[in-house]
Structures are given as structure tokens and as C-alpha cells.
């Protein structure tokens, strides 16, 4: 009994231990619940953070899209539709079209130039149109200087600015009015910038009925206006219908326009030796023995003189644009010539050429690539001069004297003729003569001319005979010309193909009205040219405009006449 009683465990401690175990279990359960709650709270925080990040990301994307739209809008305002092309079916089609069609608000028209007010003057004086209507009609400037309104300028202190006054007693004007008047004065002094406008079109010289159509082509029905552009894919009709460009023989349709230099005026007191159109068809140079080179803006009505360049001691025998339009080469009976830089308005001297003793560099031809000027030298020499450096870069030598030159339309060959009655063909790459052929019936060659398209060339002589050859056949050994033109009875001084080689003009200085026009496809003379009233005088030079719509002719009386050829609808 003692042993049993000694090892017995009391009941109360066991109960306490059980309670302690249960308490620990409850505490563990409570701690687990708290951990679960903490985890749930962390999960909710993560979800909220993710939502915030997504919202911030979407907001950043929207801001980026808005910035991109603003940049595109700014680019479109600055550069037109170049960086924002118009797409059919878009909601902003009309807005984009307005941006292309309307002239920029940064350009203004002077009252005295075109009888219209500038944009700023219209805004200040009209006051009738609402702001919304004005915004719809014209584009807003990209940037406006606020200081213009605050600035005041006295335009009477500087002599050059007095021309900006509208009233005699006007002296101080605001900065915005000053800017507006300066821009208007610039447009007045430089009116020939139609090509710089986004809505500019080629000039049309057709009849009044179709003057609103594009030059050289007629727009098919249904496509005359931009609002019909949505229908462009709804028909199989031709979008552009080209006009027939075949010139018919017999009668030449032409009309006389206002003279560039009229007879009896102060400018007509000298012999005209050169007339030539610039490649843009709007600028005409005139040179003569008065030592003055004149530049005219030709429109057939006013023919305004733009500039005069006086060359001391150099009566002009020939003046010609470089084909790229950057310079004018001017020559006379001197050991030197001149070049006039149209971009920098600078006159440079060419020659005397090193190692040469020519007394005159009056006759020359320019290569189609504008790189080489070929002068006629002494004793059959042809002098090749660089148009860039103005230095002698090579010479060619004929057997007889050289009297005329002509480059082929690709510029790789040069034709020459002279006192031996032969025609020389030179390779400009190797500067060697690769063919010599006899000009049929010619004793002294006086003029050469190559066609701007095709392989034709014409050779004139001192007997008045003009032979027309096919260059490939001539080089192949065929000596007989395609056609012999014998309508002139005196020395052929000048010949010129028109731009599409359907007309060949030939003239002689020696005899009055000695000027014929040849229909090249049929090799026949136009019967109604020269005009029956015989007003041409002694023709000395002529030229066709780049697209054939104009023809200018100068004579020994100092007159420059301008004609319109109706078959061609562009200058």
C-alpha cells in the first residue's frame, strides 16, 4: 500500500495541466487568426497598389497620347500635310483639307500689290465676322509674340521705313502693325512666289472657258473638287484624261501678247542679241549692245522688269541661263566673259583664259548638266570651261574654223561645224572626236541645233539651206538629210527646236521678216508665219518657254515681242 500511495499523482495538478494545454491551444488559434487577418490585409494592400499602378499607367498613356497628338498638330501646322497625310473616311478629313487648301496666316498680301488687305488688317477693320468664323476660315499662328503689341516703332526716323506709312503725318505704329506692313511690303516687292503656296497650281494658258482646269491635263468628271475625294474608289473612270499633244501642220495657232520691250520706248534703243526663258517659265532675260542685262517677269500682260545689271565695257553679244537656273553666262567681243549668280546677286569674271590669246569669247554653248561651258576659240579650237571654277579644263581642235556648237540632249556628245563644211561629233567623256561627216551642200556651216527629245539635229549654212538629220543614221554613214529646208535665202544665223521638238524655228539677221517656223513631223513650213503684217523687222534672237506656251523674239530695233502658242497650255 505504501508503494502505491507514494507513486500516486494528485488529481488537481492534472486538471491544471489540462487547462494550461487548452489555454495554449486557444492562444495558438487566436494567433493563427491574427496572422490570417494580417495576410488578408496585405493581400488587399497589394490589390490596391496594383490598381493604383494600372490607373497611373493608363493615365501616363493618355498623357503620352495627348502629347503625341499635340506634336502631330504642331508638325501639321508648321509643315502642312507632310507629316499628317489625309486619309479618306476619317472624321478630321475636312479639317486636314482646310489646312492644305487655305494659305497660312503667316503670309500677307499688300493692298498696293494685289488690291487686298493683309490678314491682320482685315482682323482690325472688319469686325463683322465672329471669332469662330475667322478661326474656321484661317489657321492660327503657331506662336504669337506678346511684345509686338507693347512695342512702338517710329517709322519716320529711318528713310527706308517711310514707305510703310499710310498717311503723311503718321509716325509711330504698333509692333504688330509694323510686322504686318513689312510682310505686305515684301510680297509687293517679290510677287513671283506662287510656287511656294500649298494650293499653287501650274499656270493655264488655255481659253477662258477651261482656265480653271489643270495645265496639260483635264480632270475627269466628278473629281474637280476635293469634297468628292471619297468617291475615288467607287468608279472605274479614268482619273486624268490627257489632252492630245499632236501638233497639226498647215496653220499655226498663235496670238500676240503685250511686248516685253515695245518699239519706241526708252529700253528699245539698242540691238537685242539674246532672249532666253528661265526654267520656271516666268523669268525672261534680255541682253543687247547697251551693256545691260535685263530680267523680266513674263505674264503676257504687264511683263514687269525685275532687275537690270549694267556691265561696264561689255556690249552683250550672248547671254544664257545655266540649265539648272542658278547662273547667267554673259559674253561680248572681249577676252573675258561674265557670270551672274542669281542666288547671291554677284557678278564674277571669266577669263582671260590661261594659255589662250582669243580676242573674243562672244559665242558659247552650255552643257545640259550645267557643268561645262564651251566657247568658240581661234583656229578651230573649242575651249571647255568649268561653270563652277570658271577655269579652262580642256580644249578640242577642229581642222577648220569653228563657227557653231550644239550639245546633245544627254550632254555626252558635242557637235561642231565651221569653215570646212563638216560636222564633228565629240565624246565629252574622253574629249575625243569619234566621227566627222560632210554636211550635204554646205560650204560654210553657220548654225547647229539638236532636238531636246529624239535624235534629230539641224545644220544651217551661209547659203540659207537648213538640213535636218537623224543623228543615229548620220553616225551610221547615211549622209543624205531627212529634209532640206530652203525657205531662207540668206545666211542662217539662229535655229531652235521647241521643247517637244514639233517646231523648228530658223531665222536670218540679214533680211527683214526672215523668220520661218517648221512643222517637224511633216517637215513643212507653217503657211501663216511670219505674220502677214510683217512687223518682225530684222530678227536677231528667239526662244521658246520651257513648256512651249510662250515664244519671245528680239530684233535689231530693240524690240522684244511675245507670242502665245495656243497648242501648248503651259508656259
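Even glycines carry a Cβ here, placed using N, Cα and C.
Nobody curates TrEMBL annotations by hand; they come from automatic prediction.
What TrEMBL records for 26-39, 121-133 is compositional bias 'Acidic residues'. What TrEMBL records for 40-49 is compositional bias 'Basic and acidic residues'. Sequence annotations record features per position, and here TrEMBL assigns region 'Disordered' to 1-60, 121-145. Among the features that TrEMBL reports, repeat 'WD' is placed at 265-306, 395-436.
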Averaged pLDDT score, the repeat 'WD' (265-306): 90
Number of helical, extended and coil residues in the repeat 'WD' (395-436), per DSSP: 0 helix, 26 strand, 16 coil
For the repeat 'WD' (265-306), the number of residues DSSP places in helix, strand and coil: 0 helix, 21 strand, 21 coil
